[in-house]
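Notes follow once the structure below has been shown.
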């Protein structure tokens, strides 16, 4: 049996029936990590995870399970999520050497249930990027074809699951940073409703949109981990309860489900391979009895402008804390305070991060804040969110491709931010309206690259979305892509 090709639920079954040791499972993932270092998915694989595995094996041997429903389940973690006594760098030179003094709430909940955190994964610096190339540790490559990008910003978390270096991983999703790399690497990528998972311990990028998300090969695994990590948290005032009676996930026919298709996301705008795959996806759903209705939401035409107005403003505010005075790397030169700030941030932040900070500060400057930032917030709250709320009164889910484009070649669009930002046009919708969304692997092109399809659900109806996605995978025969 290949121990590195297991779902979490299968690991649970093998461990509880004592057919396999947790240590042997973790060792299999460690060996896969050693064989696939060129992908650059991990920043660090935790060697002490093997010691924890031995300890849990002893607990199982002595029948000392306590309340550990996730015992022995290996999970990789994006490097912007805090794990006590582990490095937290957000893949930035400016934070190298920083050790987190506390656990994020999601991490604490996983540890308390018996999960084993096996490593920190690579990412675009401070979660800013859509290719996985903007990291001080180097680019993460696509396991399906190493000449192409994995997508970002949670590229490392996607890569380690896609290459079976981990069965499950945590990422963060601000505008599609979980779903895009999931689509590019042929796995599942899930973003919960805004507030569904506590953001305490997640390094902030754009606080209005940030959300921890999951990568997996299994819908059941996503639902299991969501069940044990979701819920309100006193450390995060935006957190909400989302658990409902759709868990365990329901097996239902697709017959009669009402799906919406947004007219403005025209197939004419898509890469031809994406367009043909999306057309087939729609046909497959219709053949199973689902109803698909085309709706017009004109505000989609400037949804990227809204996102790339609000998110840089929040980023410029959130990243102001990285001064070099309290934590992270520090210049030792004798400089004035202003010169210290200037040199420190100029030397230790990447071009993409500086680009977004400068844009955010510009949009907040006198005379422009009301013209751009305030206007964007007004349009979002008064037009976009109400329109989607109205749409969900008559439909169950929205379907789109995960991205209009296929993966870029490594380095090809490094200096073309507009093209890179355009890859987010479908995914930012869920972040702006606070809804749950998932990317399903649907097809592959002649280069072996994956094309994913996105399903967006109602806010706080995450398990309903996961149940529907499970049934789409089952009825369309998408397992094993």
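Don't overthink the numbers, they just go from 1 along the chain as shown.
Heads up, the Cβ atoms here are built off N, Cα and C, so glycines get one too.
Listed features, source Swiss-Prot:
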- 78: active site, charge relay system (ACT_SITE)
- 153: active site, charge relay system (ACT_SITE)
- 177: active site, acyl-ester intermediate (ACT_SITE)
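Cα of residue 177 (active site, acyl-ester intermediate) to Cα of residue 153 (active site, charge relay system): a span of 5 Å. Around residue 153 (active site, charge relay system), a 10 Å sphere centred on its CB holds 35 further CB atoms from the protein chains shown. In the structure shown, across all protein chains, 177 is the one of the active-site residues 78, 177 with the greatest number of other Cβ atoms within 10 Å. The DSSP secondary structure for residue 78 (active site, charge relay system) is strand. Here the C-alpha separation of residue 78 (active site, charge relay system) and residue 153 (active site, charge relay system) works out to 10 Å.
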